[in-house]
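Swiss-Prot annotations:
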MOD_RES   ALA2  N-acetylalanine
MOD_RES   SER8  phosphoserine
MOD_RES   THR10  phosphothreonine
BINDING   GLY38, ALA39, SER40, GLY41, ASP42, LEU43, ALA44, LYS45, ARG72, TYR147, LYS171  NADP(+) 1 binding site
MOD_RES   LYS89  N6-acetyllysine
MOD_RES   LYS171  N6-acetyllysine
MOD_RES   LYS171  N6-(2-hydroxyisobutyryl)lysine
BINDING   LYS171, HIS201, TYR202, LEU203, GLY204, LYS205, GLU239, ASP258, LYS360, ARG365, GLN395  D-glucose 6-phosphate binding site
ACT_SITE  HIS263  active site, proton acceptor
MOD_RES   LYS403  N6-acetyllysine
MOD_RES   LYS432  N6-acetyllysine
MOD_RES   LYS497  N6-acetyllysine
MOD_RES   TYR503  phosphotyrosine
Amino acid sequence: MAEQVALSRTQVCGILREELYQGDAFHQSDTHIFIIMGASGDLAKKKIYPTIWWLFRDGLLPEDTFIVGYARSNLTVDDIRKQSEPYFKATPEENLKLEEFFSRNSYVAGQYDEPASFQRLNAHMNSLHHGSQANRLFYLALPPTVYEAVTKNIKETCMSQIGWNRVIVEKPFGKDLQSSDKLSNHISSLFHEDQIYRIDHYLGKEMVQNLMVLRFGNRIFGPIWNRDNIACVIFTFKEPFGTLGRGGYFDEFGIIRDVMQNHLLQMLCLVAMEKPASTNSDDVRDEKVKVLKCISEVRATDVVLGQYVGNPDGEGEATKGYLDDPTVPRGSTTATFAAVVLYVENERWDGVPFILRCGKALNERKAEVRLQFRDVAGDIFQRQCKRNELVIRVQPNEAVYTKMMTKKPGMFFNPEESELDLTYGNRYKDVKLPDAYERLILDVFCGSQMHFVRSDELREAWRIFTPLLHHIEKEKTQPIAYVYGSRGPPEADELMKRVGFQYEGTYKWVNPHKL
């Protein structure tokens, strides 16, 4: 392997800046105002303010950028700083830069359904340097219940008359097809599609974005990426912790709405779609929509639901089940685990099961895409060979590896499982992988919508899952109990085996670089 030249963070950011300023979408000299609606909330504190700080620190924001927080709470910039700065990971050497960052911050308190409050917000923005002609970016870090009032007030009161206006909308985008359509129709009546950025932070993750390059930038994968060679595809999202006392919010949505209908389905689109005409945002999203239109509604026979119970041999949180969370309604049947099988009914993928599996309180933290290939024809090794697999590890320790058979060292002619491995932390030792929110917020400044969800994508995603969700809620389907810290319900493994996935349990990827 060629030796990597060490790059400092300054050098890496310099390359990024050069790339950014080459295009017409990013005008360094323009004034930009980044408005955080819901600035007092957890998302703002833990993700949005830290992300804006990292972009500012690394010189990736336009120079004349202001950050305005807005919420109902009576706060000051000092209050915002105390809440969010612990998540900044700032070093003592960055203190001067940090002071400069907060000098560009301000805060306005107001109601979400009161036009007078938004008039005050607009007056404040106009008072900033070139504020009346600035580009304005509104981040709605808010519960969906206030989206309609907030977007209406933004449109009527706070729009820039000269610069561009863009709105970032956080999931959940509704609870089913009907509520999602209602919300989409409302927002679309106020803003053009090129002003709306529906954010799914998984689309900002390094390995998720890498899926397109792996598929369409490598000749070796093209001829084998189809039903003739691939037996099944598994998308996995596992968390080793439960609801941690915040189950009341989770109980409203459940694991399918929280993870599967968005994160996992978006990854499925990137694996299954045809090659787009270009990397233009709409060309990519057109192909994703085509894939979704080829997927039928989920069948109840292709679903396993689970809910974790306490582990009597565990410690601390592991001893508590989902129903032990005091914020969860008594007797709740909300699933904390789900395994679902989908089929893409087109020429490339006819008959190939796409298995989506996600859950809380499982045995490890992991998100990955696993393509399992068909058995080798004409076996000459007495069934000692296991299926090849291509694995894209999204987290932790981003990696791409191929599980394959090699000869075991020694006197005898025995095959054994091994891997070809690309672990990002080893190959790119001195490159800081950007946080997903860093990529996505920077994309909004640049006007790139490739990694955001379009309205027709959203509609097709809800079409696939809404009948199942309504069936579960109507029938009060009882989830299968599984122990905190386990792999999940054994019935999920049985479902996967039934549709064609072969799990031998003889091999586990070990990070060879001990990150």
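Every residue gets a Cβ built from N, Cα and C, even glycine.
The shown structure was predicted, so the numbers you read here are calculated from the model rather than taken from an experiment.
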Nonlocal residues around TYR202 (D-glucose 6-phosphate binding site), in sequence order (Cβ under 8 Å, 6 or more apart): VAL208, ASN262, HIS263, GLN266, MET267, VAL394, ALA436
Separation of alpha carbons, LYS497 (N6-acetyllysine) and TYR503 (phosphotyrosine) (Å): 8
When distances run from the Cα of LYS89 (N6-acetyllysine) to each of the binding-site residues GLY38, ASP42, ARG72, LYS360, GLN395, the nearest one: ASP42
Intrachain C-beta neighbours of GLN395 (D-glucose 6-phosphate binding site), sequence separation six or more, cut-off 8 angstroms: LYS205, MET207, ARG365, LYS366, ALA367
Of the recorded positions listed as GLY38, ALA44, ARG72, LYS403, the one whose CA lies nearest the CA of LYS360 (D-glucose 6-phosphate binding site): ALA44
Recorded positions compared (LYS89, HIS263) - the one with the fewest other Cβ atoms within 10 Å: LYS89
LYS497 (N6-acetyllysine) and ASP42 (NADP(+) 1 binding site), Cα-Cα, nearest whole angstrom: 40
Cβ neighbour count (within 10 Å, all chains shown) around GLU239 (D-glucose 6-phosphate binding site): 18
